[in-house]
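**Student:** The structure's right below; bear with me while I get my questions together.
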């Protein structure tokens, strides 16, 4: 009876000493790591504490002791088997809990006895990030328009359970039940309590999903975001359109090689095609091209290709092979006589509009030459150049105009007091030989160009004489004469010329004076008849008489 009373009294005393209880604090620990649970936020002073005791909530209103430390004494561990090897106390009275587990998610209480008895409860939460994030059960192909299981994204051993998001090209996918379906499940390990989340994505692909990258991700409350390795899929769909491509695309010309390429939009692409080559059908397997070598104008026409298993699905292209031909009415060396006509005709056969130009001896002409009456200057090398796009054709001929020589000019020029230059110009072909009837010096002969030659000599005539220039070739001869005077004769001629000029001027003066006198006389008579004044008329008459007298002298 006395013992019971003593126990009750002690309980009442302890209850009285529990003057305050701190607010509940939460501490987060990582799975498998050591967790520090603070006592009064670590603000305890060891010299003021008589007893520090840690305990934990076992549930159902029961608690279990972990350890106790009295002043100036070592820590005494009173924990049961679950915590006996995992608990210790830090110098600031915090509880150290190693190898944290999910079963440690409970309330731990630090009881401090000093002048008062105070308890500091701490709620413990254990987190664990997923050990990995990967996509498994990956389907090989996705068929357009068909909801197909793409794969399963698994986030293993996490707490709390991971939330998984699917992404396509880094953009989140949202389930709609038609094109996108996402099914998520969570499995809890009975021994560890860790959760493994599995997310299955079903997807209905389209053509734009070719080469698209699919990933899954999760963001844990602690730690960085986890993203799986990307996966891609083969998108299969039937061919709906085909295109026939002509390579090269620039204009074709005879002699080129042309490749026909049949492109289909199916995936995987077809492996065999039919090529229709102007009435001929060629089947090509395990390739989509057909090459025609050394094309000609006969290859111009429509070409087609189709699928071997669906000939109705076809494509076509019209191919034009450009060509250019040029024909002249004659070629090579053409020899004609002077004054003859030459009928030059040009025939052009081309697949398009062509441009024609002419040159003579590499000098461009304004138009096609005409030879209605051949002259020696028409001789030369003629070339016709015809272009059409990348094509160029050339044709040429060499014209030689032959005939007896003709002297076109014979002239003389004084070079100084004693020397005269004689110039003889002749046309003819072959080249005429030039000779003079007098010997001269400084003989000069120009190049024979276009049937024309110029021959020059310098002479010193001592008397008046006639000089003859003669030209000749195998077709005939021609000559022409010119009078050449000595320098004395030239001086006499010059004197006569001066005298003649002076006489002419005197005669002109007399005539002008006579005309003026007659005019004034008639004017005077007119004034008498009208009764006009005659002032100044006598002076004019005097001047006229003086001019007449001077002219007579």
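Note that Cβ sites are derived from N, Cα and C of the backbone, with glycine treated the same way.
Bear in mind that TrEMBL entries carry predicted annotations, made automatically and left uncurated.
Given the structure is predicted, the values throughout are model-derived calculations rather than measurements.
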**Student:** Quick one: sort out which of 497-519, 520-542 is the transmembrane segment according to TrEMBL.
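**Tutor:** Result: 497-519 is the stretch TrEMBL calls transmembrane segment.
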**Student:** Could you break down the residues of the domain 'Ig-like' (32-123) into DSSP helix, strand and coil, giving a count for each?
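**Tutor:** Summed by class, the stretch gives 9 helix, 44 strand, 39 coil.
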**Student:** For the domain 'Ig-like' (32-123), what is the mean per-residue pLDDT, to the nearest integer?
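**Tutor:** Mean per-residue confidence for the domain 'Ig-like' (32-123): 89 out of 100.
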